[in-house]
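> Below are the features I grabbed from TrEMBL:
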| type | residues | note |
| --- | --- | --- |
| ACT_SITE | Glu87 | active site, proton acceptor |
| BINDING | Tyr9, Phe10, Ala11, Tyr12, Gly13, Ser14 | substrate binding site |
| COMPBIAS | 111-130 | compositional bias 'Basic and acidic residues' |
| DOMAIN | 9-102 | domain 'Gamma-glutamylcyclotransferase AIG2-like' |
| REGION | 109-130 | region 'Disordered' |
| TRANSMEM | 228-252 | transmembrane segment |
Amino acid sequence: MGTTDNKIYFAYGSNLWLDQMARRCPSSAYIGLGRLRNYKWFINARGYANVARSPTFLDEPPSEADEVWGLVYRLTPEDEKMLDLNEGVPYAYEKRVIAVEFWGKGAGHGTADDVGRTKGKEGKEGKEEKGKGEEVEMLVYIDFKRDQGGYKPREEYIVRMNRGIEDALREGVPGGYVREVLRGYIPEEGEGEKAEEVKRLAERQAGGLGMRVRLFRRGGGRLRLRRWVRGLICVLKLGVVEGILVTCLMLPGACATA
């Protein structure tokens, strides 16, 4: 499925948003759909998407909640490095290689069409029939420290997840999965002045750390670096809250996209 150095990545959270992946990992390529069986999807204590193994009961058939659908990307080594930075490896998420059921984009068999494309509104065509995909080992990012659900997503994350849901449905992720699993945590976007502000923040977050690195390289990078180092020293000396306040004063706008 690729060269030795390239990796296959299964995205189940905001990286369902194709544009976000293109910004964060410019050399990545979307290659198809994936289904991770015997796992559940939820929002964890950080306010972000996570997955965890489902308890197995032999006398109960699997349900929508016991599988996680996502989009699959091919990553270059540089893409993988940037993805690690944006996912906070190893402090927020850890990487695992897990067998995922795969439907290649535009393949002659086992394509996204086999799971039923959803057109227009979510799941108006009813429950989709799922064909059999190919088992492929993929990178999956999991937060093992915060492995419980039931939390509210961050406001800007709701925006990015809704963009991702739109792309996921367009690419063939079943509408039933979106209704039964994702919509249990991710409401549709609101409107109004605050909503527009949240959308702007989501757009900045979508750029990820790569955008900040590029801005750093364009000019004034050394000055910003010195200020950030001083800010880090403040955090170590004064504590997290006071240190961050001092850092924001030294570098206006720095905390707006964190």
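Here the Cβ of each residue, glycine as well, is placed from N, Cα and C on the backbone.
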> What is the interatomic distance between the Cα atoms of Gly13 (substrate binding site) and the residue listed as 'active site, proton acceptor', given in whole Å?
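Computed Cα spacing between Gly13 (substrate binding site) and the residue listed as 'active site, proton acceptor' is 11 Å.
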> Within 10 Å of the Cβ of Tyr12 (substrate binding site), how many other Cβ atoms are there?
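The answer is 25 other Cβ atoms.
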> Other than Tyr9, Phe10, Ala11, Tyr12, Gly13, Ser14, which residues of the chain come within 8 Å of the substrate site, judged by Cβ distance to the Cβ centroid of those residues?
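Nearby residues not in the site list: Asn15, Leu16, Ala49, Gly70, Leu71, Val140, Tyr141.
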> List the same-chain residues at least 6 positions away in sequence whose Cβ sits under 8 Å from the Cβ of Ala11 (substrate binding site), in sequence order, or say none.
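Long-range Cβ contacts: Met21, Gly70, Leu71, Val72, Tyr73.
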> Write down the Cα-Cα distance for Glu87 (active site, proton acceptor) and Tyr12 (substrate binding site), rounded and given in Å.
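Rounded to the nearest whole number, the Cα-Cα distance is 12 Å.
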> Between the residue listed as 'active site, proton acceptor' and Tyr9 (substrate binding site), how far is it from one CA atom to the other, in Å?
13
> Taking the Cβ of Tyr9 (substrate binding site) as centre, how many other Cβ atoms lie within 10 Å?
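Result for Tyr9 (substrate binding site): 26 other Cβ atoms within 10 Å.
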